[in-house]
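Annotation comment: TrEMBL describes 35-59, 104-123, 135-156, 168-194, 214-237, 305-323, 344-366, 372-400, 412-435, 474-496 as transmembrane segment.
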Amino acid sequence: MAVPKLGDELQKPAEVTDDSNSNDKPNLKGDWLNFFLLMLLYTMQGIPLGIASAMPIILQSNKNVSYKDQALFSLVAWPFSLKLIWAPLVDALYIQKLGRRKSWLVPVQYLMGACFIYMGSNIDEWLPETRKPDILKLVIVFFFAKILAATQDIVVDGWALTMLKKNNVGYASTCNATGQVMGVMISSVFSVLLTSEDFSNKYLRIRPDVGGVFTMKSLFYVWGILFILITTLIAIFKKEKDNRLEDDHVKLNIIQTYSLLWDILKLPSIQLLAIALLTAKIGFAATDSVSILKLIDAGVPKDNIMVIHTMMFVVKIIMPLIIAKYTSGPKTMNIYLTAIPIRLLWNISFVAFIYYTPVMITMINGFVNIPIYYYALLVFILAIHDILANIMFVTMTAFFSRISDSRFGGTYMTLLNTLSHLGLAWSKSVAIGMIDFLTFKECSLDHNNNCSTPNLKNVCQTNGGDCNVIVSGYYVETAACTMIGIVWFCIFRIILKNIQTKDSSHWLVNIKKPTS
């Protein structure tokens, strides 16, 4: 048997099955069970993501946490940007009898369940109510949980390309967006609101009591047990298609799979797309990563912010279903590009809203008084933002599903998703980390004291002064990001429109079948 060769130019495109331009219209008849299973798997993936996304809000309500601590915790987002390192292993190594995707899905989700149980045993020590949280330990354990979630994402993205019929592959992005958001919503709401004493006493209890209706410890135990139970049911009852029966099936070893990854990266169309994905999030970095933290700093209760976030999750769940018929077509990038300039302009609304927040809210007898119209404005601003962000996510994911080769779906989809997540991760970490650097302060009693170090702040406060903000880094950063985003749009608008019209030969690396 000859060893399959990688990186060959496409001489016979017919050898590779391409349904991207198929005339078969999407029809979920006979695929509904697979559709809902994918929705469930993406929902499970969203649970650790939701807990991690809620942690910055929980940490920011602790006055002992700085923006540098927040920047450190933002590193937990990086596994989704690094998963490309091990994605070829997921495609190449598996137990045929168990199934190509289940070989990884089952142990990964069991490990996730065990990880949640371990978190439950230690969360009270890592996240005390009064002392400074142990940021480093939280980063380590959430980083590991994100590695497991990223691996599950590789598996499910690859499985979706073969679990659904080929004319229904566009619905994979709907399952991804809706399911993941449901998981994020459930876990983040439970983590913030149901563990809050104020929220529980105000809305969930007849008589006030100490603590929330749930503790973080009990929630982690519940998630752990649910993961183990659901994974066991999937392992027993869900049968996976034999991948050897797939069109043009070729079994590759680990080295060949990594070589395949390199050959995909060498494709000119992929290189252009990679540059776009790595820089696409700069325009929204400050707004997406810092705005909510600035509202908490201004005195808006975290519980109220989470209630509003919960309302936004409903929008995120419904939107992918509404636009599903548009995202399964051949020109999804047109929708993506339409949303970008609107979203960039919407940055201005965040800046104006946060700037006038101190004027709109008042302190009465030591308590924050926030009028109803303030929350109405906040809901409106966040709703438009989340609709635009969700449209961009779903359309881009649908584009990834359309151009990816299903024979190596785990590797191909992971490459594209990794580039997208990497663009988000680095811009978010830099945006949070630069806030303090771009913020300029001055002591109210000494104009020569810029309060730039803890020692200078202590000197100012010891003398009875306050460190007043002269220039807010948030406004500087948002302006810079918006300008960069406008330049990005001008450069990549035509490039992305041209890329989406490319035929299969621009996306596929031909793999010759072994000859006897």
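Glycine is treated like the rest: Cβ placed from N, Cα and C.
Spatially, the transmembrane segment (305-323) is adjacent to the transmembrane segment (168-194); three or more Cβ-Cβ distances between them are under 8 Å for residues at least 6 apart in sequence. Touching of the transmembrane segment (35-59) and the transmembrane segment (168-194) is concluded from the presence of at least three CB pairs under 8 A, sequence neighbours closer than 6 excluded.
With a cut-off of 8 Å on Cβ pairs spaced 6 or more residues apart, the transmembrane segment (104-123) and the transmembrane segment (214-237) reach 3 or more such pairs and are scored as touching. Here the transmembrane segment (135-156) has Cβ contacts under 8 Å with residues 38, 41-42, 44-45, 48-49, 51-52, 55, 59, 65, 69, 72-73, 75-80, 82-83, 86-87, 90, 101, 104-105, 108-109, 111-112, 115-116, 118-119, 122, 126-127, 410, 413-414, 417 of the same chain, all six or more residues outside its ends.
Counting only same-chain residues 6+ beyond the ends of the transmembrane segment (168-194), those with a CB under 8 A from a CB of the stretch are 19, 26-28, 31, 35, 38-51, 53-55, 57-58, 157, 160-161, 200, 204, 212-214, 216, 219, 223, 302-303, 306-307, 309-310, 313, 316-317, 319-321, 324, 327-329, 390, 393-395, 397-398, 400-402, 406. Only residues 6 or more beyond the boundaries of the transmembrane segment (412-435), in the same chain, are considered here, and those with a CB under 8 A from a CB of the stretch are 67-68, 70-71, 74-75, 77-78, 80-84, 87, 90, 153-154, 157-158, 161, 261, 264-265, 270, 273-274, 277-282, 285-286, 288-290, 293, 396-397, 400-401, 403-405, 473-474, 477, 481. Within the same chain, residues 272-273, 276, 279-280, 282-287, 290-291, 294, 333, 336-337, 340-341, 344, 347-348, 350-351, 354-355, 431, 434-435, 438-439 sit at least 6 positions outside the transmembrane segment (474-496) and bring their C-beta atoms closer than 8 Å to a C-beta of that stretch.
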